[in-house]
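Remarks on the structure that follows.
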Amino acid sequence: MLLAWVHTFLLSNMLLAEAYGSGGCFWDNGHLYREDQPSPAPGLRCLNWLAAQGSGESLAQPSPGNHNYCRNPDQDPRGPWCYISSETGVPEKRPCEDLRCPETTSQAPPPPPPSSTTELEEKFGVPGDKETQVFPPANALPARSEAAEVQPVIGISQRVRMNSKEKKDLGTLGYVLGVTMTVIIIAIGVGIVLGYTYKRGKDLKEQHEQKVCEREMQRITLPLSAFTNPTCEIMDEKTIIVHSNQTPADVQEGSTLLTDQAGTPGA
């Protein structure tokens, strides 16, 4: 269990060192210095920053913290320094010696900004003293070509406003022509609607007359049996006439009655 805690502690220290990226060093004026050196030179000892800044002379300078390591709070070009006790007992500023850290590519900071006008000229290609350029005064108005190049971007709303202002008045003749064209277009539309309505009504009327004519032709060409109802047939009645006068019958031979030949019995 103790071994696990030791591994965790060492790993956390390594992660913190990598996070700071200095490995116990700090950057100052483009150089890497050790941050835990309490001596500016052999045989000397740095005073605590808070204790050394107790005097009125050093209160105006920022305090690096509650320690006695070499720092550079006032950005001294000579590098980090610290306060030491002088012969009179007054804190004295003393630059630190042999404070450099071994610089590596991984610890190298971004390139510092150029500190002189010469470096700026070399970087951005600005001509030096050999080539002198004459600039117009600040209050001078630009030329037409320059003004056209420096014009701001015009938005949609500004374009709409400009176009509305640039409209020209067509005059009375323009208004008359506009009204005339409007009336002509309306008349053409009304004529198209009326013509379509008349044509449609005429077609419907012709279709109706054609249907009536077809029905009449069908009625004429039908047979007679189509007009009779077989359930209501009329039967012809025959009249029989009976007369009371009988015509005498011709007596033929052999057709007389037996009574005539034999006579009455007992006669």
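Don't overthink the numbers, they just go from 1 along the chain as shown.
Cβ atoms here come from the backbone N, Cα and C positions, even for glycine.
Under the heading signal peptide, Swiss-Prot lists 1-21, citing similarity to another entry as support.
What Swiss-Prot records for 22-172 is topological domain 'Extracellular'. Within the model, the topological domain 'Extracellular' (22-172) shows a mean pLDDT value of 67, rounded to a whole number.
Under the heading domain 'Kringle', Swiss-Prot lists 24-101.
Residues or ranges marked as disulfide bond by Swiss-Prot: Cys25-Cys101 (among others).
Positions annotated as disulfide bond by Swiss-Prot: Cys46-Cys82 (among others). The Cβ of Cys82 (disulfide bond) lies under 8 Å from the Cβ of Pro38, Pro40, Cys46, Leu47, Trp49, Asn68, Tyr69, Cys70, Arg71, Lys93, Arg94, Cys96, each of these being in the same chain and 6 or more residues away along the sequence.
Cys96 (disulfide bond) carries neither a helix nor a strand DSSP state and counts as coil. Taken from Swiss-Prot, the feature disulfide bond covers Cys70-Cys96 (among others).
Summarising the annotation, Swiss-Prot assigns region 'Disordered' to 91-122.
The compositional bias 'Basic and acidic residues' annotation in Swiss-Prot covers 91-101.
Here Swiss-Prot flags 173-193 as transmembrane segment, drawing on sequence analysis.
Under the heading topological domain 'Cytoplasmic', Swiss-Prot lists 194-267.
The disulfide-bonded residues listed here are Cys25, Cys46, Cys70, Cys96, Cys101; among them, Cys70 has the most other Cβ atoms within 10 Å of its own Cβ.
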